[in-house]
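Participant: If you look up TrEMBL, you'll see A:122-193 marked as domain 'Peptidase M48'. What TrEMBL records for A:35-55, A:85-112, A:282-304 is transmembrane segment.
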Amino acid sequence: MTAALLLCAYALLITRLAPLALRRADRAPRLAVTAWYAAVVTVGSSLIAAAALLVATPEHSWERLCALVRLCVEALQGAHDWIGVLLAALALAGAAIVSFRIGVAAVGTLGASMRGRLRQARLAATAGRRLPGTGATVVDHDVATAYLVPGRHATIVVTSAAVEALTGRELAAVIAHEQGHHSGRHHLLVDGMRVLTRAFPRSRFLAVAHAQVALLVEICADESAARRHSRIDLARALVTMAEAQALPTVLAASGGDALTRIKRLLSPPVPLGRGTRAGLTAALAAMASAPVAVAGLALAWPLLMDCPAPFV
Amino acid sequence: MERLWSAGEWRTVREVLTELLQQRQIAYTTVMTVLDNLHKKGWLRRESSGKAHRYTPVMTREEYGAAQMRHALDASGDPAVALLKFVNQMSPEEAAGLRAALDAHERRNGR
């Protein structure tokens, strides 16, 4: 029981601490994406392990917690099994509901994405023409924009207006950014978060994780473009395209992300050192494996000790 | 579709087939089905000439591209399609904020 409570507290702590700890995480964007996923996995496995412990050790926990009301418990000796059955039923129902929600969200989100992406890729293939010297497809349109249609039929689409509005170097930087998305398989990272936020729409923690991962993959793509192109070209392209697409009816939502990217492109932060990065990776691994370790220990403890500690 | 656009006039299935056969092996029925599907979807206009049907695009290549792009831009607000856009739509004020940040940087660097 105590271990289960500890795990719940741990999950709560991470949902509170992760957004604070990862606010200035853009010095290592790729590690930050890993950190967000590690945090989500940790919270999820903590809650699952806590539920499992409650169900797996009902007698032990019940008897120990109710040491003071042992008489009462003994009076209900026969009821232990009944409580165990009830807890097991609750846990099974909980597991079924959670898997059902994730399943429905996955089918809904990914199905719609795949259909949309397939249609986009097909349309780009029919209506677009190759941009010589690049892997991009140009489509005639008077709004300057560029995007990657991710997936098996991956296509980088640039509008004719974008080709006109940008200089050759800026355009090359934009295409490199989208190529960065493609080679990093960023759509999978974003898709994962989209499924989770859709499955648990009331979770503030998941909403923040989703928004942050979406921003961080843009930063990763910017970085991969900046390796071969100048940052100022990428920044200029970003501003030009933002202006071209701006609409008064759009709610202020994505502008903050774009401003973060611009500031980062213009004055890049010092990347984290190799040592710091390795240390953080180890800490993440420890954080993510803690719940399973605690649950394992709590289950194994009575077997390991003849006289188990009173609080396990 | 490409064939009909470059032709710029009404074409029968047979004519399209003859052109396609210069590039690759393709069956008459395949071409016929594709053209028929495109007609059903509203991309092609059709008229009867004798026994065969003749087709012409409803929209020009440019209009078609524009239509699909409008769709893409509309759909970008819908997270379900989830294209990885270079920059998402924002309000003019936000775009002006970006421009200001860029200008300030360029002034600082004496350009």
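Indices start at 1 and increase along the chain as displayed.
Positions of Cβ are set from backbone N, Cα and C atoms, glycine also.
Unlike curated entries, TrEMBL annotations are predicted automatically.
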Participant: Over the domain 'Peptidase M48' (A:122-193), what is the model's average pLDDT?
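Facilitator: Summarising the domain 'Peptidase M48' (A:122-193) by its mean pLDDT gives 87.
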Participant: Let's see if you can do this one: DSSP helix, strand and coil counts over the domain 'Peptidase M48' (A:122-193), in that order.
Facilitator: 36 helix, 15 strand, 21 coil
Participant: When you scan the chain for residues with a C-beta under 8 Å from the transmembrane segment (A:35-55), skipping those not six or more beyond its ends, what do you find?
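Facilitator: Sequence-distant neighbours of the transmembrane segment (A:35-55): 1, 3-5, 7-8, 10-11, 14-15, 18, 21-22, 25, 61, 84, 87-88, 91, 94-95, 189, 192-193, 196, 205-206, 209, 212-213, 216, 280, 284-285, 287-288, 290-292, 294-295, 298-299.
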